[in-house]
Structure formats: C-alpha cells, structure tokens
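Novice: My questions will all concern the structure given below.
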Amino acid sequence: MCKHYHQAKFLLSCPSLKGCPPDQGYEVIFAGRSNAGKSRAINTLTLQNKLAKVSRTPGRTQHLVFFELDKDRRLADLPGYGYAKVPEHIKVKWYKDMNEYFNQRDCLRGAVLVMDVRHPLKPFDQMMLDWCNNIHLPTQIILTKSDKLKKIAASNTYFKVLDQIKKYSYVDVQLFSSLKKQGLKKLWTRLDTFFGYVD
C-alpha cells in the first residue's frame, strides 16, 4: 500500500485558491496548527525526507502546497493555522480562503488533521473539525509526537480525544510518531479509503 504514497511528488504551490489544480479527481487535505508536525507527517507518510519542507519558523508558510500521487490523486498541504505571531490580516485572509476552499472544492475526499498529542483539540482544531463535519468530509485525526509522552500518557490522551469527537460523524483518531513510524500503516489504510484505492 505504501507504493501509492512513496511516489508522491511536488505538484504546485499557490498563495490563493485561484492557483489550485483543476477541481477534479481525489484530493485529501493535511491541516494542523503550526508546529504540530504536519510536514514531518507528510514526509513520513510518503517515505521521503524532503518532500514537504519543514519550516523553522511556525506559521511561515502561507501557501497551499499540492503533492501528486498520480494524475487523479493529490495531497493538499494547507497553511499552518493558529500561530500567535502571524499578523492579524494574514489570519483573516487564511480564514476566508479556507472557508471558500472547504465549500467550493468538490474533489475533496478526506482530511487528515494533525495535532500535537500534548496539545490536542485547540479552538482552531475544533474549527477545522466543524468545517469538515459540515461538508460530511471523512476525517482522520493523527496525534503526532506520541514518542514525546510515556505510553500511558499518550494512551490517556488518545481516549480523551476519542471521547470528545463522538459527536462528529466520519471522524477517527490515532496516535502517530514520525520518529518511530508509529501509526503509519493505519494512516496508509485510512488514506486508501479516501483515495478510492479500496472499496
């Protein structure tokens, strides 16, 4: 199953929705708060070290970045959200662009919401969940950096988040570690359903 993701390659980067690829095929978004480990998760998912650039300055990347799996399937890396040092006018633009993106892209097939296991379900995460839920978009929450916590603490956070998302349909959660490759096979399996690789 990993071969689909290992062949991912950079497609394009755009500052606004006008530059997005044609609204067709299968598109799965990766979204998360700045510094949640989103770029590293994408690199781990694709078994590549430098596909998604890891910024040393959280909130720096304000472009939508698309990675192509094949001519019909794409990963969309959304700008990191919720970082305090981002100017207010950029936050406002981000909110407007994301609202339009979620409501206008008919090709959306799934979402991966990336959350630091030590700081899950912050207000911006909740907003992303609501957007996904409003358009009935299947969603996988990955609690990254699980290696930073002891096993019991990580497990407790997992069950706490699982309980809090019961009100949402089509949402699942898992622990994930880019360092130890924890949860990688489960994420591949979930993405296979998003991309139509399995019935």
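Backbone N, Cα and C define each Cβ position, glycine as well.
Annotations for this protein, taken from Swiss-Prot, read as follows:
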DOMAIN    24-197  domain 'EngB-type G'
BINDING   32-39, 59-63, 77-80, 144-147, 176-178  GTP binding site
BINDING   S39, T61  Mg(2+) binding site
Novice: Among the binding-site residues G32, P79, whose Cβ has the fewest other Cβ atoms within 10 Å?
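Specialist: If we count Cβ atoms within 10 Å for the binding-site residues G32, P79, the smallest count is at P79.
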Novice: Determine, from DSSP, whether G32 (GTP binding site) sits in helix, strand or coil.
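Specialist: The three-state answer is strand.
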Novice: Mind giving me a neighbour count for F176 (GTP binding site)? Other Cβ atoms within 10 Å of its Cβ, every protein chain shown.
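Specialist: Taking all protein chains shown, F176 (GTP binding site) has 29 Cβ neighbours within 10 Å.
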Novice: Counting only other Cβ atoms and using a 10 Å cut-off, which of the binding-site residues N35, S39 scores lowest?
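Specialist: With the binding-site residues N35, S39, fewest surrounding Cβ atoms within 10 Å: N35.
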Novice: Say we define neighbours as other CB atoms within 10 Å of the CB. Which of the binding-site residues K38, H63, K145 has the fewest?
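Specialist: Ranked by other Cβ atoms within 10 Å, the binding-site residues K38, H63, K145 bottom out at H63.
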